[in-house]
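Colleague: Pasting a structure below so you can have a look.
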């Protein structure tokens, strides 16, 4: 078995992160709004702390939205934009049709705008709200550098092309992550967000009913635990075409940020092919086994590090992009 990656814990974010090559040296930094909107982060945190305990599933919604945003054009809130003039946007792509939480972000944006008009980006609000929501439900907290600008372009096809699919094998998954400047460790630990995830039956029904193309309950994915597959067919996904029933990705504790998802992977109970793929690689499996046998704090630390890194992917700063007034619209589009 390949040796596990060294689990050395580093700071969850760098205080100042250079992201541009111009002479101005545009940066993301902690406390970016300290002068321009001193209460920005507190306003986001307060709203999240008020509302997420009433609907804990919002945390999963936000982290998925943040991830999908960062994988297309970088973390620029392009996933929040509506399509215009007949052109479909990222949110219209199949992987994003089940995203929720747009109204939640809009409400936070409205609160921040009322105090600091035109100052705080939707991209930063999404990054901060995601972090705060995960923390509120008992998950890790990570430091978020701010100063992102909002993108002005959102294209459906780019989301289809760039968001990792639940049917991907390990090689394709790793390639997808590496194309965004992420690595094996990030692939492993960011997948841990599925500990609070849910999925619709039709997103994995091929593994239950038609893995080789022959069809029927006997044509299940052999990498999926047979008892688990039978239970899913019997009690959850009775029809391959079911697109309404939802299944917990970490059965029994999907509202708790814990190691249950990884324990399931080691028992061949990952719901997606992309989940199961993580334990087809020796190094990835060794790392998962190592973390599962460690205190939960170890998972929290490596997850926090990878989330901070995800939040830096392809960011726009300085004079790039804009600060949207409404998160669903670029500034020259009005109601």
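Using N, Cα and C of the backbone, Cβ positions are placed for all residues, glycine too.
Taken from TrEMBL, the feature domain 'Plant heme peroxidase family profile' covers 27-331. What TrEMBL records for 64 is site 'Transition state stabilizer'. Annotation comment: TrEMBL describes 68 as active site, proton acceptor. Per TrEMBL, Ca(2+) 1 binding site is recorded for 69, 72, 74, 76, 78, 90. TrEMBL lists 164 with the feature substrate binding site. Residues or ranges marked as heme b binding site in TrEMBL: 194. Summarising the annotation, TrEMBL assigns Ca(2+) 2 binding site to 195, 250, 258.
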Colleague: I need the nearest neighbour of residue 195 (Ca(2+) 2 binding site) among the recorded positions 64, 68, 78, 90, using C-alpha distances.
Modeller: 64
Colleague: Could you round the CA separation between residue 164 (substrate binding site) and residue 69 (Ca(2+) 1 binding site) to a whole angstrom and send it over?
Modeller: 12
Colleague: Mean pLDDT for the domain 'Plant heme peroxidase family profile' (27-331), rounded to an integer?
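Modeller: Over the domain 'Plant heme peroxidase family profile' (27-331), the predicted model scores a mean pLDDT of 97.
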Colleague: Identify which of the binding-site residues 69, 90, 258 has its Cβ surrounded by the largest number of other Cβ atoms within 10 Å, counting every protein chain shown.
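Modeller: Buried the deepest by this measure is 69.
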Colleague: Within a 10 Å radius around the Cβ, which one of these recorded positions has the most neighbouring Cβ atoms: 64, 194?
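Modeller: Neighbour-count leader: 194.
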Colleague: Would you mind checking how many other C-beta atoms are within 10 angstroms of the C-beta on residue 250 (Ca(2+) 2 binding site)?
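Modeller: Here the count is 24.
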Colleague: Rounded to an integer, what is the Cα-Cα distance in Å between residue 90 (Ca(2+) 1 binding site) and residue 68 (active site, proton acceptor)?
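Modeller: Roughly 9 Å, rounded to the nearest whole number.
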Colleague: When you put the residue listed as 'heme b binding site' at the centre and draw a 10 Å sphere around its Cα, which of the recorded positions 64, 68, 74, 250 have their Cα inside it?
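Modeller: If one measures from the Cα of the residue listed as 'heme b binding site', the recorded positions that come within 10 Å are 64, 250.
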Colleague: Going by C-alpha positions, which of the recorded positions (64, 68, 250, 258) is nearest residue 74 (Ca(2+) 1 binding site)?
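Modeller: Closest by Cα: 68.
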Colleague: Give the sequence-ordered set of same-chain residues, not counting 69, 72, 74, 76, 78, 90, with Cβ within 8 Å of the centre of the Cβ atoms defining the Ca(2+) 1 site.
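Modeller: Here the nearby residues are 68, 70, 71, 73, 75, 77, 79, 151, 154, 314.
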Colleague: Which state, by DSSP, holds residue 64 (site 'Transition state stabilizer'): helix, strand or coil?
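Modeller: Going by the DSSP assignment, residue 64 (site 'Transition state stabilizer') falls within a helical segment, counted as helix.
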Colleague: Say you check the Cα of residue 258 (Ca(2+) 2 binding site) against those of the recorded positions 64, 68, 69, 72, 76; which is nearest?
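Modeller: If we rank 64, 68, 69, 72, 76 by Cα distance to residue 258 (Ca(2+) 2 binding site), first place goes to 64.
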Colleague: Hey, how far is residue 64 (site 'Transition state stabilizer') from residue 72 (Ca(2+) 1 binding site), Cα to Cα, in Å?
Modeller: 13
Colleague: With DSSP assignments reduced to helix, strand and coil, which class does residue 78 (Ca(2+) 1 binding site) get?
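Modeller: Its secondary structure by DSSP: helix.
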Colleague: Round to a whole number and give the Cα-to-Cα distance in Å for the pair residue 78 (Ca(2+) 1 binding site) and the residue listed as 'active site, proton acceptor'.
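Modeller: Given the Cα positions, residue 78 (Ca(2+) 1 binding site) is 10 Å from the residue listed as 'active site, proton acceptor'.
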